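Listed in TrEMBL for this protein:
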{"type": "REGION", "residues": "16-68", "note": "region 'Disordered'"}
{"type": "COMPBIAS", "residues": "26-35", "note": "compositional bias 'Acidic residues'"}
{"type": "DOMAIN", "residues": "111-377", "note": "domain 'AB hydrolase-1'"}
{"type": "ACT_SITE", "residues": "207", "note": "active site"}
{"type": "ACT_SITE", "residues": "234", "note": "active site"}
{"type": "ACT_SITE", "residues": "365", "note": "active site"}
């Protein structure tokens, strides 16, 4: 980790407050992904365990601020459905906007730790608009996140488990690809009454999700899916591992919970964990839930995914990420919020032209939420550059 990056991270920790200042028509999304602190990796051993019943400082209870009230995801995705994945004992929540044309592309998005598929909501709408419907977007909730549930204990969040989940969900949604590079959307989406051909797919992963999609890419290609590219959002192996010693301070800066969902949204916006209030109002309700406790020491609204419990898996999520990304046999895109984040392996790869890199200034770790328009422009341009090349010309990353 460079001195500049270390200084910036330390300054950020110091500024964080210790105390925080349906889709289907019937369920307002009540989960999301933890704030930008939550998706940063931690040490393999994890931070010290917190007492089970920490005392909440007494503070006056405020009425919910309507400026931070939840917004339904129905304006951003066409479908929100539960997909049964029997082989993984999962009932997976999937958000989907299909392409409007038979030769369209689907961008499949995997969120980071503590977040949910709704972190891609604003970006998904921008992608559909910019591509004029040629690109669809699918985002899913990982196990122990969002509205995905399991019929058996799902404490294991090791990278191999998460990758296997991702592959099986894709297989459950897009079937019959053994003899053709096309993907078929089967009947999991009620609005799609007829078979819909999808010619290609792109994989997009934020933070932990970037590690999942880079490892899933060769597996899906071996299964004969046509993967037109992988895009990793704001995660670099070297910087992620360097940040491990800071995780205790980062997690301690987060509140245990909130008095209302509106307060949870407001905390993310005021601390700049998410800099786009609209995205926060869509995404944050999905990452918190009612505590259903009458104890005065437990807040009414708590985190859906306690990040401390995932500590044993943090290091494994990111080790080997750079090598896996550079070895992907498809076009590669790395999008960062700052330039001071490339590790040695990626610096060499960039000089050799092995991937395309873009930097989005003025954003934080949740860059796809902070500036969904710019992210959509980058992803749609990446798709156009690599999907519509004349046969025989190498794509970005194929060198």
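Glycine is treated like the rest: Cβ placed from N, Cα and C.
Automated prediction, rather than curation, is the source of TrEMBL annotations.
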PLDDT averaged over the residues of the domain 'AB hydrolase-1' (111-377): 87
Residue pair residue 207 (active site), residue 365 (active site) - Cα distance, angstrom, rounded: 9
Protein Cβ atoms within 10 Å of residue 234 (active site), excluding its own: 26
Which of 207, 365, the listed active-site residues, has fewest other Cβ atoms within 10 Å: 365
Cα separation, residue 365 (active site) to residue 234 (active site) (Å, whole number): 6
